[in-house]
Amino acid sequence: MHGGNQSETSEFLLLGLSESPKEQRILFWMFLSMYLVTVVGNVLIILAISFDPHLHTPMYLLLANLSLTDLFFVTNTIPNTLVNLQSQNKAISYAGCLTQLYFLVSLVTLDNFILATMAYDRYVAICRPLHYVTAMNPGLCILLLTLCWGLSVLYGFFLTLFMTKVTFCGSRKIHYIFCEMYVLLRLACSNTQVIHTVQITTGCFIFFTPLGIMIMSYVWIARAILRIPSASSKYKAFSTCASHLAVVSLFYGTLGMVYLQPLQTYSMKDSVATVMYSVVTPMMNPFIYSLRNKDMHGALGRLLLGKAFQRFT
C-alpha cells in the first residue's frame, strides 16, 4: 500500500478471530444468532415504545434511542463479518474500512452520551420528583438527544479525518472482525504518536465525562433512596435504576478494557472484550431493560397480541 493519500485499490484483509474453517463455521452461526436476537430485541423495544402512548415519556424516548444506536452498531459490523466468515475473499476496501471506523467511533460515543442522559433522567425522577415534568420535559429531552447525536457525529468525523493522514504499508492483515482504531494504528508505518495522543486525550474526555455524570447522579440517587423510610419504596426506587446500572457496568467495563491502555500492549486477547462491547452488550440491552420493567412487559404484550390479532382477522 502506498503512503500519503490512499489509492482506490487499497484494501485490508479482515481475517476475523480464527482462520480455521471449522472454527469459522462455529463463529458464523454464533454471530448470526446473536445478530438476529439483537435486531429482533431492539426492534421490538423501538416499536413498543413508538406505538404505546403510555411510554411516550423522556425515560422511554431515551431507551428507544439507545436501542436504535445498538441496532445501527451491530449492523455496521456483523453483516460484513458474516460475509467474511463464509467467503474466501476477506478484503475490505480502504474507504469501506474508514466508513466502518467512522460509524464505530460515532456510535460508541453516542452510547456513552445516551447512558449519561438516562442517568440524569433517573436522578431528576428520584431526587426531584415534584419538578420532573418541568426539569425533564419532552422539549429538553429532544434537545439533549440532538446534542448527543450531533456531538457523536462530529467526533466520529474528527477521528476518521485524522486516520486519513496515516500511511499504511507492509501487512494488510487485520485479525479482527472489523476495522478498529487500535488495530489500524498497529498496521501503520508512519508516525502515529500524534493521532494516538489525540485519540487517548479525546477518548478519555468522551469516556470519563459521561461516566462522571453517571457517578454523580447515582451518588445523589443513593442518598435519596437511603432517606426513604419504607423498605418497599426503597426497592421500587432502586429497581428503576437497576437495569441502567447493569447496562452501564457491562458497557463501560468492556470498553475500558479495550481502550484505556497503551497502544503497545494492545493484542489479540482484547478481541474478546471488543466482541463483548460490540456484539454482546447490544444483544443484552433489550433483555436487561424489559425483564424487570412492567411497563415494557405490558407494551410488548400489547404489541405482539395486536400483531397476532391482525394476522387472524
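Every residue gets a Cβ built from N, Cα and C, even glycine.
Only residues 6 or more beyond the boundaries of the transmembrane segment (26-51), in the same chain, are considered here, and those with a CB under 8 A from a CB of the stretch are 16-18, 60-61, 63-64, 67-68, 70-71, 74-75, 78-79, 81-82, 85-86, 177, 279-280, 282-283, 285-287, 289-290, 296, 299-300, 302-303, 306. Look at TrEMBL and you will find 26-51 (among others) tagged as transmembrane segment.
If you look up TrEMBL, you'll see 41-289 marked as domain 'G-protein coupled receptors family 1 profile'.
Long-range contacts of the transmembrane segment (57-79) within its own chain (CB-CB distance under 8 A, at least 6 residues past either end) are made by residues 31, 34-35, 38-39, 42-43, 45-46, 49-50, 100, 103-104, 107-108, 110-111, 114-115, 117-118, 121-122, 125, 136-138, 140-142, 145, 148, 177-178, 278-279, 281-283, 285-286, 289, 295. Per TrEMBL, the feature transmembrane segment maps to 57-79 (among others).
Taken from TrEMBL, the feature transmembrane segment applies to 91-115 (among others). Sequence-distant neighbours of the transmembrane segment (91-115) (same chain, 6+ residues past either end, Cβ-Cβ under 8 Å): 1, 6-8, 10-14, 62, 65-66, 69-70, 72-73, 76-77, 80, 145, 147-149, 151-153, 155-157, 159-160, 163-164, 178-181, 184, 206-207, 210-211, 214, 244, 247-248, 251, 255, 277-278.
The transmembrane segment annotation in TrEMBL covers 135-162 (among others).
What TrEMBL records for 200-221 (among others) is transmembrane segment.
Annotation source TrEMBL lists transmembrane segment at 242-260 (among others).
Sequence annotations record features per position, and here TrEMBL assigns transmembrane segment to 272-291 (among others). Within the chain, the transmembrane segment (272-291) has long-range Cβ neighbours (under 8 A, six or more residues past its boundaries) at 17, 31, 34-35, 37-38, 41-42, 44-45, 63, 66-67, 70-71, 73-74, 77-78, 104, 108, 176-178, 180, 243, 246-247, 250-251, 254-255, 257-258, 297, 300.
Among residues of the same chain six or more beyond the transmembrane segment (200-221), those with a C-beta under 8 A of the stretch's C-beta atoms are 109, 112-113, 115-116, 119-120, 122-123, 126-127, 155, 158-159, 237, 241, 245, 248, 252, 255-256, 259-260.
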